[in-house]
Amino acid sequence: MLVLGIESTCDETACAIVRDGKDILSNIVASQIDLHKEYGGVVPELACRRHIDLIIPVIDQALNQAKLTLEQIDLIAVANGPGLIGALLIGLNTAKALALALRKPFIGINHVEAHLYAAIMSHPQDFQFPCLGVVLSGGHTALVLIKQIGQYELIGQTVDDAVGEAFDKVAKMLNLPYPGGPEIENLARHGRSVKFNFKAGQVKGRPLDFSFSGLKTAVLYAIKDPKALKEMVLLSSEMTQDIAASFQEAACSDIVKKSLLAAKQYGVNTLLFGGGVTNNCYLRKLFSVANSNLNYIWPSAGLSLDNAAMIAGLGYYRYQLQNKSDSMDLEPLTRTPLQSVKE
């Protein structure tokens, strides 16, 4: 089955064509980083307008790269949430229009679930379920017990900022360019992670939940004069590196600790990672050092950030499970939990 996937949840306009869930024939991603960089983050209105400009050219590129026509596509898959409402509408309405015009089935895909599926696409060997899904991105931080593809139990999540959002906000405090994650990681390589005793937050009675807002505030107090928060302290390059290293250590070690605790509590040996923060080399090193006996499944570089291949790939399996097209009344959802496919 040939599946055309569309992704427009935030600031990437993407289209991909995947055969039978894993064979990627094309994977086109148009990034908006240059558009949003001067604002230090994504501006929803600008993102939406750029999606309108790019969606059709990106679909054409995906078809050309795969050497296929629209008539050869068997299924349309589209991310319908969670994400920015305006951005989601562009992708969803485009998918509906294609499905109607071509008289093909279409299916809505949960963006967070697709991030987890990206790791499966990156490693075509068979998996032993259940396993632990660890979602780490700019908009999401969650621990998910994966019983099978399409069968999930949310066991931990952030109660405030996502870890990727925290990286971006700390980078902005340090006057680093957007996106901040890679900038923090690069600076941290030269810093001393023990210089500042930063700690990620703990949620009372919920040991698998995350909280990064307090960590972010602690960094703010380290940067600014506590008695006059509007006045910036002039940071040396050495101090900037130390702050970056200490922040990264606190955030990553908290993720490792809670992920391994979840794996132990639920008796799983395989951890499946999804989201852009999984590109962080220090995070990967911490996991390997903390427990080298577990099986860590990381997404490949081309599938860790937002892309449409993961949407198309998961769309194939979701369609096999539910065995019917979604309704044309399917709506975009800014917030939507992982949902298991009903038997």
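Just so you know, glycine gets a Cβ as well, placed from its N, Cα and C.
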Next on the checklist: Per Swiss-Prot, which of N27, N64, N269, N280 sits in the substrate site along with V135, L136, S137, G138, G139, D168, G181?
Outcome noted: N280
Item to check | Swiss-Prot annotation, Fe cation site containing H111, H115 - matching residue among D306, D326, D329 | outcome: D306
Next on the checklist: So among H111, H115, D306, all listed as binding-site residues, which is physically nearest to D168 (substrate binding site)? Use the C-alpha atoms.
Outcome noted: D306
Checklist outcome for this item: Counting only residues outside H111, H115, D306 in the same chain, those with C-beta within 8 angstroms of the Fe cation site's C-beta centroid are E7, T9, A79, V112, A114, A118, S137, G274, G275, N307, M310, I311
Checklist outcome for this item: Mapped onto three states, the DSSP assignment of D306 (Fe cation binding site) reads coil
Checklist entry - Among V135, L136, S137, G138, G139, D168, G181, N280, recorded substrate binders, what is the largest CA to CA distance in Å? => result 17
